[in-house]
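J.: This structure is in structure tokens; I'll ask about it shortly.
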């Protein structure tokens with residue numbers, strides 16, 4: 001009560017933030033007449049003046065009012081568009097490393113030019129990050145004229161650019177690109193062998209457009225660069241033939257129940273589990289096929305690979321649907337992004353899932369891949385000195401932005417009041433009833449000329465609705481993963497009178513729907529339009545615009561509630577831009593995924609009590625509340641998954657930073673002989689300690705073993721026994737020093753033969769090659785450790801702590817192996833001349849180019865990877881852990897002490 005009263009008196013934190021910034025807006029507005037009177041040349045000269053003032057120690061904050069006034073004036077002259085005050089506020093929020101929540105149509109693209117110009121004055125470069133290639137190219141081309149007018153360069157960063165073109169793009173003052181491409185460039189740069197092969201420079205300031213999509217929706221999916229592993233396509237094909245013989249069982253096995261089915265499905269966590277009956281049946285099938293010995297079991301260590309293939313194939317058949325999770329095009333399985341409905345060519349699911357789906361669809365099975373480098377968006381974007389973002393929907397995720405990225409969300413006021421009518425949800429018993437009601441509503445709105453945008457959750461649903469509308473004779477456009485090449489055109493015309501547009505899962509995001517259609521689109525289609533043509537197009541558009549407003553503006557129809565309220569708000573946000581009229585409504589059924597999994601019992605009972613008849617809908621605040629609660633549950637679970645991913649990836653990230661810093665040091669150094677000398681001393685002394693323990697009696701020494709080891713590992717033939725026999729005063733410490741000195745002497749002789757320069761180049765090449773090989777193997781070891789670490793809960797140990805401890809041990813082992821491998825190679829190799837080093841370098845370059853051609857860039861399905869760990873990864877409760885000899889029932893409390901049922905905890909390991 002008191003907090004509400006205080007908020008009313010002094011305003012919320014958001015209000016106070018905006019109030020402080022409005023003073024600076026007033027300052028910028030006062031400068032407008034002065035800047036308006038400047039000649040073009042004087043306005044352009046401001047950039048040089050600002051840079052000189054920065055060099056003299058003036059801060060960006062002091063420059064901000066004048067810099068923003070400069071951009072606003074330049075925009076008026078170049079585009080004929082003046083930044084609104086709310087856009088100036090948005091620009092300040094972005095410069096302050098905060099997230100600006102700006103409604104659709106408020107001009108986020110133009111807002112970003114303000115902080116981009118200000119921060120680009122430093123010469124360090126600004127990255128404006130978008131969700132797809134089309135938006136990156138569009139925004140770069142749209143704003144290029146403005147930045148170039150002010151003497152700044154603009155670049156674009158999209159896939160498949162030649163390295164030199166990428167390097168030039170990164171040297172631009174302002175660079176537009178996609179989140180994936182920035183992340184992959186970072187990983188590729190840290191796989192390069194020469195400084196000149198890298199494209200990125202320092203990561204200074206990033207403005208992330210649609211920040212919720214990139215930093216929240218895609219945060220669960222790490223970016224992975226992988227190379228081809230061994231061919232196992234035949235195994236996928238053979239196992240794929242077995243899966244259709246398995247029968248689904250609806251109820252989990254327990255002490256009181258053992259079903260006849262072979263597997264159960266957990267839709268919430270997207271997991272499948274073999275039942276006891278299923279395990280026996282699969283073992284029988286594998287034995288018949290000669291793929292497993294008769295007396296063997298599926299869970300024996302020798303059959304881990306078979307279990308991996310069975311699990312992947314079962315998930316592919318049961319949980320991944322064609323035209324929902326992926327499409328098949330040109331004999332390829334292409335993933336559909338669950339958040340945007342866009343296809344993701346070149347991206348592949350990991351852990352054999354993609355190959356299992358290829359086997360299921362009968363297309364060519366590509367080799368499994370081995371991880372070469374990976375990073376999450378969370379850890380990539382935290383590398384920037386300054387990070388900010390903008391979106392139409394951030395407030396529901398404000399806590400996550402603050403806790404994970406340290407970014408405060410500021411909700412921006414609209415330039416004009418929002419008048420959209422958001423109507424209550426209508427809930428039907430069946431999907432058929434729901435779609436019949438949607439068709440009827442569209443028919444009525446179509447008849448009066450009101451444009452309708454229909455949001456669906458999958459390609460399958462969009463095509464189902466499309467077929468129903470065709471039967472009714474209603475002309476419409478379908479925008480989904482299959483046809484997103486014409487996305488911008490369809491969206492540009494979605495506001496025309498009577499237009500009906502079906503869009504899968506917010507495809508087309510980033511393009512405004514203008515009532516009456518886009519007059520800019522019409523003008524761009526003309527070659528050299530005259531002033532008269534442009535004027536006529538604007539007059540015609542004005543008439544169409546008023547007609548659509550009179551019909552009620554754009555109506556949004558949601559065919560299903562998304563797991564996240566934010567995605568629903570994004571769909572609604574397409575209507576009511578810039579104070580336009582509009583309306584929205586969601587239609588739901590008890591057969592929808594969200595309702596079936598999370599809200600079914602409560603709402604279904606409510607509907608039965610009300611005596612619902614076929615075709616009748618329920619509209620009640622209780623139902624809306626139940627649905628919101630279901631969405632909150634999913635949002636909470638997804639937040640936990642993202643947080644879990646980050647906690648595990650933070651461990652790997654610390655190691656990644658060490659390795660990448662070492663690579664940088666190696667690449668930039670002309671001479672690493674000091675590092676090699678230190679490593680050689682450490683490695684040889686460690687070997688000597690193994691055979692001559694420190695402060696030990698001579699009787700405990702294994703001199704013969706030491707001589708053999710030095711010969712085998714370092715090609716050092718030393719008569720150590722002879723030294724000891726002939727020199728009475730050759731004690732342990734003196735002996736250690738002599739062995740190291742002899743190793744140095746032999747290496748110096750090698751340097752005299754081949755020359756210092758040749759050997760320095762060779763040392764660097766060997767060090768880099770071995771570091772990359774061992775890092776790749778270390779990533780694989782970390783993956784294996786991660787997949788099984790949740791089992792430590794059985795032993796009353798905290799899996800996260802165990803993961804940290806063991807991954808550190810693995811990392812130390814990797815660094816020790818790097819030292820010993822490099823010293824061994826350099827000691828044993830015979831380098832004759834510079835040509836040999838050049839040949840070796842050329843071979844390495846060719847191998848790297850071949851690997852680059854075969855590299856896969858993918859988003860790992862991290863949700864499935866973590867689903868097991870999210871429950872088991874909690875700190876174990878204290879107390880004695882007693883394991884019973886009998887098998888734990890799936891509905892019994894899990895032995896790990898989490899308090900959850902076994903099937904919801906460690907029973908998920910299948």
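Numbers here mean position along the shown chain, with the first residue as 1.
Note that Cβ sites are derived from N, Cα and C of the backbone, with glycine treated the same way.
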J.: From 537-560, 561-584, 585-608, 609-632, which range did Swiss-Prot mark with region 'Disordered'?
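T.: Going through 537-560, 561-584, 585-608, 609-632 one by one, Swiss-Prot gives region 'Disordered' for 561-584.
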J.: In Swiss-Prot, the ATP site includes 105, 106, 107, 108, 109, 512. Which of 87, 496, 527, 533 does it also list there?
T.: 87
J.: So around the ATP site, 87, 105, 106, 107, 108, 109, 512 aside, which residues have their CB within 8 A of the centroid of those CB atoms?
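T.: Near the ATP site, the remaining chain residues are 102, 104, 110, 111.
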J.: Give the three-state DSSP assignment (helix, strand or coil) for residue 512 (ATP binding site).
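T.: Where residue 512 (ATP binding site) sits, the three-state DSSP reduction gives coil.
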J.: What is the maximum Cα to Cα distance, in Å and rounded to a whole number, among the residues 87, 105, 106, 107, 108, 109, 512 annotated as binding ATP?
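T.: Per the listed residues, the maximum Cα distance equals 17 Å.
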J.: Please identify which of 105, 107 has the densest Cβ environment, defined as other Cβ atoms within 10 Å, among these binding-site residues.
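T.: Of the binding-site residues 105, 107, the highest Cβ count within 10 Å belongs to 105.
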J.: Based on DSSP, name the secondary structure state of residue 109 (ATP binding site): helix, strand or coil.
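T.: In the DSSP reduction, residue 109 (ATP binding site) maps to helix.
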J.: Let me know how many other Cβ atoms fall within 10 Å of the Cβ of residue 512 (ATP binding site).
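T.: Neighbour count, Cβ to Cβ under the 10 Å cut-off: 20.
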J.: Measure the Cβ-based neighbour count of residue 87 (ATP binding site), defined as the other Cβ atoms within 10 Å of its Cβ.
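T.: Around residue 87 (ATP binding site), other Cβ atoms within 10 Å: 27.
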